[in-house]
Amino acid sequence: MGFKTLCLGLFCVSFLSYIYTPIPDNIEETWKVMALDAVAKTCTLMALCLENVGVMRYEEFISMIISLDYTQPLSDEHVTVTDTAFVNVPVRLYIPRRTSEAPRRAVIYFHGGGFCFGSFKQRAFDFLNRWTANKLDAVVVGMELAPQHHFPAQFEDGITAVKYFLQDEILRKYGVDPTRVAISGDSSGGTLAAAVTQQVQIDPEVKHKLKLQALLYPGLQVIDTSLPSHRDNEHGVVLTRDIAIKLVSLFFTKDEALPQAMRKNQHMPVESRHLFQFVNWSTLLPDKYRKDHEYTEPVLGKSAYSLPALMDPRALPLLADDARLQHLPRTYILTCQYDVLRDDGIMYVSRLQNVGVPVSHDHVEDGIHGALSYMTSPLYLQLGLRIKDMYVSWMDKNL
Ligand SMILES: *[C@@H]1O[C@H](CO)[C@@H](O)[C@H](O)[C@H]1NC(C)=O
């Protein structure tokens with residue numbers, strides 16, 4: 001056997017072991033999930049290789065791949081679809097065609113994509129927003145979240161666009177009932193939806209408040225990166241703890257020192273101590289999710305940089321204090337069992353319940369992170385369609 005063959009063999013073995021993730025037994029459509037996971041991990045590996053040799057940044061490569069999946073704003077017989085802008089924030093509008101005597105409900109949707117990529121133009125989000133508009137006979141606004149910028153750009157865009165939409169004349173223009181507007185989002189879109197909702201509900205300039213918020217497997221904090229869900233899903237399907245940390249770090253900075261410290265859970269300064277009560281999973285997480293994990297406090301004061309954004313509830317909605325949470329509207333939170341971000345959502349459920357906000361929580365026992373991105377062919381998952389139906393039917397009952 002030649003040296004080259006040996007090298008190729010070793011390469012194949014290490015590549016396969018890198019992309020291979022055991023799929024938990026209760027996950028349906030195992031082969032499809034394995035294939036999706038392998039595609040995701042292969043793209044990640046290629047992106048990391050290209051970054052290491054200096055060809056392009058990790059997030060640029062992934063953005064390029066995702067942009068192959070973008071769609072045009074195509075109207076159909078039920079919904080008129082247009083791309084426009086609210087102030088300077090790009091949005092895609094879905095307006096039902098059938099005539100309506102009464103003003104309609106409305107949903108503002110923030111897409112996921114790890115803060116660093118994605119768009120409302122992706123087929124899965126276009127499908128979801130169109131479906132929502134149809135099912136609820138509602139006006140749907142797909143929000144674009146400038147992925148090439150750092151915090152707080154996305155938050156500010158979100159506030160700008162939502163405040164623009166909630167004005168009397170704009171609601172009237174689109175035939176929307178001002179008392180029936182909801183905000184929702186998945187993954188990093190859920191983070192932004194939660195942060196924007198916290199702000200809008202107390203903003204004296206906003207006359208019409210949001211009626212509901214729906215957060216689908218949202219990320220809501222990064223100050224503790226050793227929650228049970230981080231430990232259980234360290235090598236999780238599609239999203240590993242490492243990649244989650246890389247992405248959320250990029251939301252704040254390109255400085256590599258942050259993700260390095262975050263992996264060790266040693267990234268927060270001493271003056272952030274008072275915030276840990278808000279993410280203390282030994283009190284906020286029900287037994288079922290804590291299992292036999294032992295609570296360990298993150299190590300404070302080791303970080304060599306100062307990043308005030310890491311203590312900012314506009315980026316990490318779980319850090320808002322109770323007085324602020326009390327103003328939140330009725331809330332839907334969906335969490336997935338096999339998801340590094342699982343416990344963020346569950347702790348938010350506890351915190352909102354503790355201050356008396358009405359919360360509905362759906363926990364998907366066979367769920368994986370990002371399932372809503374898998375609703376279109378060729379590799380769509382029943383899981384994605386099921387989560388979509390859970391979310392839309394809750395909206396239908398409550399909005
Ligand atoms: C978290 O809660 C546990 C149990 O109540 C407590 O012992 C610990 O000090 C808390 N940690 C922080 C950082 O608040």
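The backbone N, Cα and C atoms fix where each Cβ goes, and this holds for glycine too.
According to TrEMBL, the protein has these features:
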- Ser187: active site (ACT_SITE)
- Asp339: active site (ACT_SITE)
- His369: active site (ACT_SITE)
- 107-252: domain 'Alpha/beta hydrolase fold-3' (DOMAIN)
- 310-371: domain 'Alpha/beta hydrolase fold-3' (DOMAIN)
- 1-21: signal peptide (SIGNAL)
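On the structure: features taken from TrEMBL.
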{"residue": "Ser187", "record": "active site", "CB count, 10 Å": "28"}
{"residue": "Asp339", "record": "active site", "CB count, 10 Å": "27"}
{"residue": "His369", "record": "active site", "CB count, 10 Å": "26"}
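Across the domain 'Alpha/beta hydrolase fold-3' (107-252), DSSP helix (H, G, I), strand (E, B) and coil residues number 65 helix, 26 strand, 55 coil. Looking just at the domain 'Alpha/beta hydrolase fold-3' (310-371), the mean pLDDT is 98. For the domain 'Alpha/beta hydrolase fold-3' (310-371), the DSSP-based tally of helix, strand and coil residues reads 23 helix, 19 strand, 20 coil. With respect to their backbone Cα atoms, Asp339 (active site) and Ser187 (active site) stand 10 Å from each other. Ser187 (active site) is 8 Å away from His369 (active site) when you measure Cα to Cα.
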